[in-house]
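Undergrad: Here it is: the structure, laid out below.
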Amino acid sequence: MALPQSLRTSVTPLELELIASEHLIEIVPLITMEKTAFISGAYGPLRPPAKCRIPLWMATNLKLKKKCHIVPPEWLSVDFLQEQLTRETSRPEFSRLPFRFAEIAKVILDVASDDVQNADKIKSLLKDLREARQAKSRDGLQKLDHSELSLPNLCSMEINEIRPFFIQSMGILTQLVREPSAE
Amino acid sequence: MASTSKAISNLAHQQGQTCIAFSRDGKIAYTGGLDTLVRIWHTNQGEDQEPEAAYEADEGITAVAAAEGCWLSGGHDSDVRKYLPGKAQFDGLVTSAAGASIRCLAVDPSGKRVAVASDELSVKIVDLDEITNVVVLEGGHKKRIRKTTWHPSGTILTTSSSDGTIVAWNISDTEAKVENVIDGVIPEVVDPESPEFMHDCSAVWHPSGQYFFAASRTHEIVAISRSTWTKTSSLSDPNIVGATTALVLSANGLYLASACKQEILVWSVQTKRVLWRHPGTPNAFTIQIAFSPTENLLAWTDTEGVLSRWRDAIPAGSPDPVRQTAASGAQGTTTKRKPTPPLWGEEPDADAEGVDQYGDDWIIDDLGDGMEDEPEGAKATRAGDGFVKEMVSITKAQPAFQPGSTPMENKKRYLAYNMVGAIDVTDQDTHHIVNVEFHDRSTRKGYHFTDHFKYDLGSLGERGALFACPPELDHPAHVIYKPYGTWSTQGDWTYVLPNGQRVLGLAAGGEKPMRSLRDPSSSGGDIQGQGNIVIATSSGDLTFLSGSGMERIVIGVEGEYVTMAAAEEYVLVVHRPGATTIDGSQSLVATLISFEDFQVLQEKPLPIPKGHTLRWIGTTEEGAPAIYDSAGYIHLMIHHRRPNRAAWARLMDTNLLERKQGKDESYWPVGLSQDTFMCLILKGRQEHPGFPRPLIQELPVRLPFRNQDPVDSLIEERIARERIHVNLARDALGDELTSPDIDKREVELDKQLIKLIQASCKADKAPRVIELVKRLHFTNSIAAASQLAGFYRLIGLQEKIEAIKLWRENNATPAEEAREGRRGFTYEDAPLVRPKPFQNFNPPPKVDRPGLARSTGIAEQTEFTASSVAIRAGRSRAPQASDSRSTSPEGKRKRGDNDDDLSSNAFDVETKRQAVGESDAVVPSPKPSAYIVIQSVRA
């Protein structure tokens, strides 16, 4: 691979988005389609106005062709995010959020911001959440020792962010600690 | 546009300001003028009467009013005088305004108090029985007051001032206070000598008390809502320009009369259009109009001092201006029927409570604001007043409605909202914009159009959209059908009703399209036809039309029509054959009429609890009729394909929904499928969905079973629900035994049953196990159950299960029994023309006993044997027999027919082959002899 060293150690956010695209999401279809087999599984049938659960990649595709409305997940609402943000800022631990919330929220807000109520408000809330959580994960890294780092409820995008630094420093710490015990 | 009847006029007073008022019983009209006289006219006498006159006033009369037991006059001499009713006999002074001219007198709805507006900045409310009892409303106005009016409840007084403000006073308490000041509506007229000062600027309250009308400074007539004190709608006509000089509403609030430029205009309050016109006196403008409170009579006075009386201003055939009629109810106006007051004193008995408890939240009105019942206070006063009375109305009869429609709110409404799509209407004052949208955009294409007829009924079918408009003066009622799938409007057709008839309801049915309607191929698109249309008209009939506009039949409706919904092969009509009952039941009946041959498939009263009303009717995805009522129950008509054997199964009780607990929300149904209830969720006290179109929510359907066992009851409920739908699907099969889909579902059902059996085996409940085993559909499943019993070492039970299995193997399967049942229904229905006993020479009817029937082998080798002749004959008979039995109305029959055709074709092939074989067998026999002959000749 011709990628520089810094990038080779972790996946890119785009790749994470791709992985998150397999996540199932609810849509209101605007077209009829029989149950159809894809490599990842069989989805459908689409029968408007009944809702249907299909993978995010398919929902994105249909949405871009104006063939469905995406029903935003429950956690992608102003009320929920506001509550999480207050919890995030008032308590030391990470609040519970879906593992791939950042990726899914980004995809949905990119392609279907018209289906989300208060999309702008949600965007700013997500940004605040991200900043609050980033600060926490930086703090958490200080607690790093040679054997473990426990950060419950850390999400995929955040793990990915600290991964390059984390792996290297963990390696160094392990070396530092091992020597005395070897003697 | 002018009405046929002509007004009669009398010169009553000298030129200048005049005024008019009707007595409470409508028999007498009092007119006053600048000549200081008040003349007393008998409305039943013609032009040649010599009216009595009251001479007491010193200066010109500016206001007259009629109260209970007296009439009043006031004028520039600043005295308000009281006279005996119907006579010019002076009865005393009521009040005096200390040198200021009296401008307006308004008697409250009970007829006991009079509000006096004068050039002073205050309004006096004088008790007519005790004239020292005076309330003075002060501090609301900075300029002289021109007009004052009462709210129908008698608790609000509105005063219009010459500075262009309208002040609403709340006088329900002892202390009167200003409730609101409305500025900028009525024109500002400062000079009391200018002709504009005589124009009517009063706030004319609608009898419903929800809004009032006023002539605005922009020369419109605006309606102002009581709740928000803002303008909600306006009455205007492009042909009418100029200021409105007088304004009045009819006693029941259906019509509004206004005067503009020497012309009297009568408007419909609902449609906001001018219905009739009448010319006024030339070179004069009308100052005051009055509707008679008891008769169809309109009277007005003008600046020439002429009194004009227009008898039958509302032509016969239109709703009466006084009475509340059923027609006005069907049209969507309020039916202000009040429950009769309790007969014995104040004690409300239990029944009256029961009737009252559903209040006014059930009226399905089309007009939006102003449709609520009057406040309690108004009821009592009006009932005792000799105004409008409803003699017998113990339970309010639910008016006709279209399922899925909403009233006009904020100039928008839905005409239809169902599983196909939605029709919404935007009111643009002079016209409507109709927008048709579909859930499935691939099959049908949404569109919108400008509507000059103001369609007020709509139905969205599988094959086309149907609209109907009410009759107006220049056009009768008509129905327009717009089938889908055509790019142009060529497919549209219009069905015009004769004059005087109106459309009460519409339904458009049709088969669900299998593929896009725009598909040009021969198998797709419109080859399946354009559906079926049913129109309910005010002449008490249902008119059936084909999708291309051909009239098929007119069927009479027993009683009042309420609503209807069309499915693929039938129409579900809800009507009220009798009257509502005293104890609160609507007594509605649902009738299922097939499109094929107009057979009545079912006639079944609706299971609506007392005191509740029908909210929605429709059909499920699978084609079964369903209803939703205001009690929150969903009922499904099971066995609807079996003639006269239907029952209403309670499919769901929305009050028990988990999400409803602790929340104030209601559900507005859109559709129903096997496992989900599609609805819009309305928050709080909301009655109808608003705009933009909310998302359809899916709620799981749960039978309202009461067992609360966490595991078993869930499975039991699921089995029972699935059973209902399997039975419905099976009823649709006709002569076929089963279908792959049903088989699959039955296998699933058996799996669930086995789970229950296992749980029961574990708990050692043998009777329950046996009962469950009997419900299994397949012998394989019974074998599995037997193994289960063995596993739990219940040997006795296992033997019993084996016995059941054996019995099942020897007897007909449940599927076969069900088919026999279906055959039986058609048999039972058929012999309507049975010959008399002892005159029947026909052979006895064939009894079909599948258990005794000879087994029908499919053995090729037996085809040519002699013993198989009977079988062959029997088999070729079978398809014919099945055809004769096919009275089942559903569309799915077609597939059955095809199959039968296939099978009969197969038999044809066989018989052909057989014929060939026979000819082979027979022909050779003469041939050899011929050869022999020839050979013998040669020899």
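Positions of Cβ are set from backbone N, Cα and C atoms, glycine also.
As annotated by TrEMBL, repeat 'WD' applies to B:10-51, B:138-179. Look at TrEMBL and you will find B:11-307 tagged as domain 'WDHD1 first WD40'. Residues or ranges marked as region 'Disordered' by TrEMBL: B:313-356, B:814-852, B:864-939. As annotated by TrEMBL, compositional bias 'Low complexity' applies to B:324-334. The compositional bias 'Acidic residues' feature in TrEMBL is assigned to B:346-356. Annotation source TrEMBL lists domain 'WDHD1/CFT4 second beta-propeller' at B:400-704. Taken from TrEMBL, the feature domain 'WDHD1/CFT4 helical bundle' covers B:715-805. If you look up TrEMBL, you'll see B:816-826 marked as compositional bias 'Basic and acidic residues'. Summarising the annotation, TrEMBL assigns compositional bias 'Polar residues' to B:879-889.
Describe the structural context of each listed feature in the structure shown, including burial, neighbouring residues and relevant distances.
TA: Within the chain, the repeat 'WD' (B:10-51) has long-range Cβ neighbours (under 8 A, six or more residues past its boundaries) at 57-68, 71, 73, 75, 83, 85-88, 111, 198, 287-295, 297, 299-307, 309, 385-386.
In the predicted model, the repeat 'WD' (B:138-179) has a mean pLDDT of 83.
For the domain 'WDHD1/CFT4 helical bundle' (B:715-805), DSSP puts the residue distribution at 73 helix, 0 strand, 18 coil.
Beyond the ends of the compositional bias 'Basic and acidic residues' (B:816-826), by six or more residues, the same chain brings 642-643, 645, 727, 730-731, 733-737, 848, 850, 885, 887-888 to within a C-beta distance below 8 angstroms of the stretch.
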